[in-house]
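According to Swiss-Prot:
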CROSSLNK  91  SUMO2 cross-link
DOMAIN    10-61  domain 'LIM zinc-binding 1'
DOMAIN    119-170  domain 'LIM zinc-binding 2'
MOD_RES   81  phosphoserine
MOD_RES   84  N6-acetyllysine
MOD_RES   112  N6-acetyllysine
MOD_RES   131  N6-acetyllysine
MOD_RES   137  N6-acetyllysine
MOD_RES   161  N6-acetyllysine
MOD_RES   192  phosphoserine
MOTIF     64-69  motif 'Nuclear localization signal'
């Protein structure tokens, strides 16, 4: 059939689209009334349209049909849909059933993740409100002291050896270099035999 009016053809109904009712998208023309999602039939505009070949979709239906698969995809932030997409021709695969863990140290893992960690000094549970981390372990604030002199420590002012924590002074005296001038402070010269 000849195109006497010279207008463009609608990408949906293939009828002539006149200027007053034309919506353009990716080089194609549509009637305003035909510019609808091919699945849910919602009205579209330049901010809500998603194009796949010659087909137009709202972003939600496009995401369900062509985006990542799984619960929560294609809806937008903060939503979870149980729609598996059968209406879009998506085949659903059943997930394998739950199998119990084969980890022999499952109780240690559960203790770290599900329960509370234990303080290395007193072996009691350490909860978030009283936790201080030092030497890679969680301590009670009251237990976070030098093992020799009992001085309170900061995570930046400690030294650790064999699972215990020390202030820098006690660590230097007990585990540092031995000999003239070591471990006594500035200006001291001590002979040790």
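Cβ coordinates come from backbone N, Cα and C, glycine included.
Feature map: Swiss-Prot annotations on the structure.
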residue: 131; record: N6-acetyllysine; CB count, 10 Å: 15
residue: 137; record: N6-acetyllysine; CB count, 10 Å: 16
residue: 161; record: N6-acetyllysine; CB count, 10 Å: 12
Query raised in the report: What is the separation, in Å, between the Cα atoms of residue 161 (N6-acetyllysine) and residue 137 (N6-acetyllysine)?
Result: 13
Report summary line: residue 131 (N6-acetyllysine) and residue 137 (N6-acetyllysine), compared by Cα position, are separated in whole Å by 10
**Report entry** Three-class DSSP secondary structure - residue 131 (N6-acetyllysine)
**Finding:** strand
Report summary line: The mean pLDDT across the domain 'LIM zinc-binding 1' (10-61) is 88
Report summary line: Grouping DSSP H, G, I as helix and E, B as strand, the residues of the domain 'LIM zinc-binding 2' (119-170) number 6 helix, 20 strand, 26 coil
Query raised in the report: Taking DSSP states H, G and I as helix and E and B as strand, how many residues of the domain 'LIM zinc-binding 1' (10-61) are helix, strand and coil?
Result: 9 helix, 21 strand, 22 coil
